[in-house]
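Structure first, then comments.
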Ligand SMILES: Nc1ncnc2c1ncn2[C@@H]1O[C@H](COP(=O)(O)OP(=O)(O)OP(=O)(O)O)[C@@H](O)[C@H]1O
Ligand SMILES: [Mg+2]
C-alpha cells in the first residue's frame, strides 16, 4: 500500500507536465489582448507594445512557456497582471474560503445523501422512497443560482437569520454550503439507492439475515460497506469539482473564493492567475483520485496493491 | 415415540409478480423428527428452496409471501412469531446452508468476523471466547490453518472451503435443525463427497436434525432417513429411504429413480421423464404430473389426488393407489 502511494505520487509529475502544456496553450488561445487591457483603452500603440514587452508577451510561446515553468519550479507563479501581487498570494487568499465551503457542502451532502439513499433503498416503492427520490431529483434539477437566491430571500431577507453574502462569520457558511451541497447530496442519494438496492439482492445479505442479525445491522454493516464502493469514487469526483470553486454560488453569495477569482482573471486575461488556478485544479483532481483509489483498496479486500 | 421437531401443514407460498401470481409452494405437508435427516427431492423449480425460505421466514426482499398453512417448530408456530422472536431462532435454533457457496459470504468482511458475529449474538460470547469458538468450529469442519483463515476474506478461498465455512457458520450456535439447500450442487464430485462426510459426522456428534434438499438421489441414499418427493409445489410421495428405493409408488418417483446415475455424479437434468415441469401459466387442471405421466388415466386430467397413506409410513399423491384403496374399502 505504501509503495503504491509513493509510486502514484511520482506518477503525478509527468501528468502535471502535460497538463501544464495544455493549460498554457489553452490560456493563450483565449481571444483578447492582455497588453491592451493592462495599458488601458486610451493607450497608444507604442504604449501597448511597451507593456507587451514588459509582460514578456512578445516572445515566442515556447520561450514564454519555459520562462513560466522555470519560475514554477522555483515556487514562483508569477505576478498578477491586474493587481501586480504575486499570484501565489492571490490564490492563497481565495483558496481557504473555497476549501471550507467545499468541506461544509460535502458534509451536508454526504450526511443527507446517504440517509436519503439508504432510506429509499430499504423502503423502495413506499412513500419514503418517493419522497426521497423527489427531493433528490429536485436537488439535481434546481439551478443553484435559483436555490441560492431563494434561500437568501427566505432566510436572510425575510427571517434575517443569516447574512446575505460574504464570509465574515460561521453563519455565512450555512446558506452557500447548502446551495452547493444540494446537488451533490442528490447525486449521492441516487447513487447510494441504486447501489444498495443491487447489494440487498445479493446472496450474502440473505446469509446475514439467516444468522439472525437485525435488519439494521444487515443494511448498515453488511450491505452498505459493499454499496459504498462505487459511491466513494463518485463522491471523490464531486469533491474535486467543488474544490475548483463554484462560479455561480460564489457570485450569488459574494463569496471571495477561487470560482470568482477565475471568472475575474479570465475577463481580465490575467494569464498567470488563470494558469495557476487551472494547474491547481488539475493537481487537486489527481490528488483526490489517488485518495479515492486508496480508500477503494481499503474498502475492497479483493484489491491488493 | 419420537418427537416431531418441525411440522409443516398445508404450507402455501405464493409470489406476487408483475406477470401474475406464482404458487411456488402450494399445500406442502411434512414433518421432521428429532435427530432425523429428511431428504427433499424434486426437479428444479418445484419449490424446495422456497419451502425452506418460508420456514426461515427469509422471503424479505422477494415478492413472495406465505399465504396459508402452519409451520410448527418445537411446538411454536413460526408464522405467528414476531420478527424479534424469529431472529432468536434464525442462526441459533434453525440454521441454513445455501445453494450458492461462492456468493453466500460477504466479500468485505473476514471469515472470523462473519462466523463470530452469530456466535456473539446468540451465545453471548465475548470477543476472545468467540474467536476461540470460531477456530474450533473451523477445525471441526476440516479447515487447515484455522488460526490464519479467520483473518482471510472469502475471495481467498475455494468453493469447497467456502461451503465448509458456511457449514461451520451454520453449526456454530449448535442448531437443533439444519436446513441444507443443495449444499453440494455447486461443488465438484470429490469435494461433494467430503462435504457429505462432514455433514454426516456433525450429525452424529451433535444429534442435529437435517432437512437436506437435493436433486441427487445418490445423496439421498447416502444421507437420509426419510424422503419427501416434491412436484410443482406439492409433496407427491413420502417414505423411509429404503422404502422409496425398493418400493416407489408415484410414477414421478419411479421416473426419478430410473434416471438415477451412479452415486456422487451430478444430476442436473432428468432425461428419462419426458416433458417439462409445468409453468404457473399452464398449470394442468387435475394432477400436476398428468401430462408427463406414463400411467395417466382420465380422472387424473380432471381431479387432483390427495396425499394419502398407502402403506405404513408411506404416503403417495396418485389416483392409481387411491382407486386401489377405494376398491379395498368397497
Ligand atoms: N424471487 C422470486 N420471484 C418470483 N418467483 C420466484 C422467486 N423465487 C422463486 N420463485 C418461483 O418459485 C418456484 C420455485 O422455486 P425454488 O427456488 O423453490 O425451486 P427449487 O425447487 O429450489 O429449484 P432448484 O432445484 O433449481 O433450486 C420457481 O419456479 C419460481 O418460479
Ligand atoms: Mg433451490
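Counting begins at 1 with the first residue displayed.
Heads up, the Cβ atoms here are built off N, Cα and C, so glycines get one too.
According to TrEMBL, the protein has these features:
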type	residues	note
DOMAIN	A:95-292	domain 'ABC transmembrane type-1'
TRANSMEM	A:9-30	transmembrane segment
TRANSMEM	A:99-121	transmembrane segment
TRANSMEM	A:133-161	transmembrane segment
TRANSMEM	A:173-191	transmembrane segment
TRANSMEM	A:231-258	transmembrane segment
TRANSMEM	A:278-299	transmembrane segment
State, in range form, which of A:99-121, A:231-258, A:278-299 has the highest count of Cβ pairs under 8 Å to the transmembrane segment (A:133-161).
A:231-258
Using a Cβ cut-off under 8 Å, which residues of the same chain at least 6 positions beyond either end of the transmembrane segment (A:9-30) come close to it?
61, 64-65, 68-69, 72, 266, 269, 271, 274-275, 278-279, 282-283, 286-287, 290
State the non-local partners of the transmembrane segment (A:231-258) in its own chain: residues 6+ outside its ends, Cβ under 8 Å from one of its Cβ atoms.
91, 93-95, 97-99, 101-102, 105-106, 109-110, 117, 143-145, 148-149, 152, 164-167, 172, 175-176, 179-180, 184, 187-188, 191-192, 195, 277, 280-281, 284-285, 288-289, 291-292, 295-296, 299
